[in-house]
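What TrEMBL annotates here:
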ACT_SITE  97  active site, nucleophile
BINDING   16, 33  S-adenosyl-L-methionine binding site
DOMAIN    1-139  domain 'SAM-dependent MTase RsmB/NOP-type'
């Protein structure tokens with residue numbers, strides 16, 4: 001709602017998310033919704049991404065391991081920026097549409113292993129606020 005924007009409670013920017021960490025811990029809540037490979041959509045026959053049966057698989061034909069590595073590098077950069085922009089005691093939600101563990105727990109685990117000052121606080125039963133997705137090692 002416009003009232004959230006007008007009150008300053010929500011900030012909308014058009015900058016590269018990997019540079020957003022320069023805000024210096026200014027936010028108590030950060031949504032880090034990263035680009036992903038989208039296997040979930042490829043596997044869904046009702047994804048609406050194609051024009052006929054099997055059209056969803058067209059993206060899979062262009063996938064390469066090096067593209068996956070570049071994507072995970074981008075995801076790590078975005079999560080690091082989210083951490084840098086989060087105030088002490090704040091919360092970050094890391095979100096993908098991927099079912100690939102390397103893009104989910106792999107990215108979160110990799111970043112947290114290098115940030116001993118930052119901890120995961122997802123509590124059992126509180127990991128998801130909505131009845132979508134699935135629980136993973138990191139929430």
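Every residue gets a Cβ built from N, Cα and C, even glycine.
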Nearest-integer angstrom distance between the alpha carbons (Cα) of residue 33 (S-adenosyl-L-methionine binding site) and the residue listed as 'active site, nucleophile': 9
Neighbour count (Cβ, 10 Å) for residue 33 (S-adenosyl-L-methionine binding site): 13
Other CB atoms within 10 A, centred on residue 16 (S-adenosyl-L-methionine binding site): 10
Surrounding CB atoms that lie within 10 Å of the CB of residue 97 (active site, nucleophile), all protein chains: 15
Between residue 97 (active site, nucleophile) and residue 16 (S-adenosyl-L-methionine binding site), the C-alpha gap once rounded to whole angstrom: 20
